[in-house]
Ligand code: AMP
């Protein structure tokens, strides 16, 4: 399956993606994880991305889309993938459609994790990542509302909405059911 996972920061996309990846047998491709790996290794891409990530802002689309395209070209992503954190804007969604069109494939669906803002802030403060301080969280929530939430309308009937409050297992079961698995 070729799926995009959509939801505000702190919605639990990464946690669900790891479980779904195992159950569905497709790789979990997280742009945030790819950036953090590059930052850890001190690559030019990491150096370029770090300032944006620390500020809670989006890394420029050309850099991000190139990173995603090369990851999707790897062997393990040929038959399916879970994209976590990309696309984050309508512009990125159009680029993704183009990347997939070149491969003659398309998305099967876009899983939208629905969760209230209170729960999201609570979860983010609990995980304690470097970019999880209160100012950055507020910026990322605003970026989500302004830039990413419009993707819900953009994807229209490709959206598979999941109520994402509750235990990790409950949310996973709801997702598997919604995917017909
Ligand atoms: P995440 O782990 O998905 O919360 O991403 C952490 C940070 O990486 C974000 O706050 C952005 O700075 C950057 N990032 C991740 N995905 C993207 C993307 N698709 N476009 C631009 N920046 C991104």
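Note that Cβ sites are derived from N, Cα and C of the backbone, with glycine treated the same way.
Here the structure is a predicted model, which means the values were calculated and not measured.
Feature region 'NMP', per TrEMBL, maps to range 30-59 of the set 30-59, 60-89. Site annotation (TrEMBL): AMP is bound by 31, 36, 57, 58, 59, 85, 86, 87, 88, 92, 129, and the candidate from 2, 140, 145 recorded at this site is 140. Binding site for ATP per TrEMBL: 10, 11, 12, 13, 14, 15, 166, plus 127 from the candidate set 127, 138. For ligand 1, the nearby binding-site residues are 59, 86; that is, of 11, 59, 86, 129, 166, these have a C-beta under 6 Å from one of its atoms.
Residue 86 (AMP binding site) and residue 13 (ATP binding site) are 11 Å apart (CA-CA, integer value). Per DSSP, the secondary structure of the region 'NMP' (30-59) breaks down as 23 helix, 1 strand, 6 coil.
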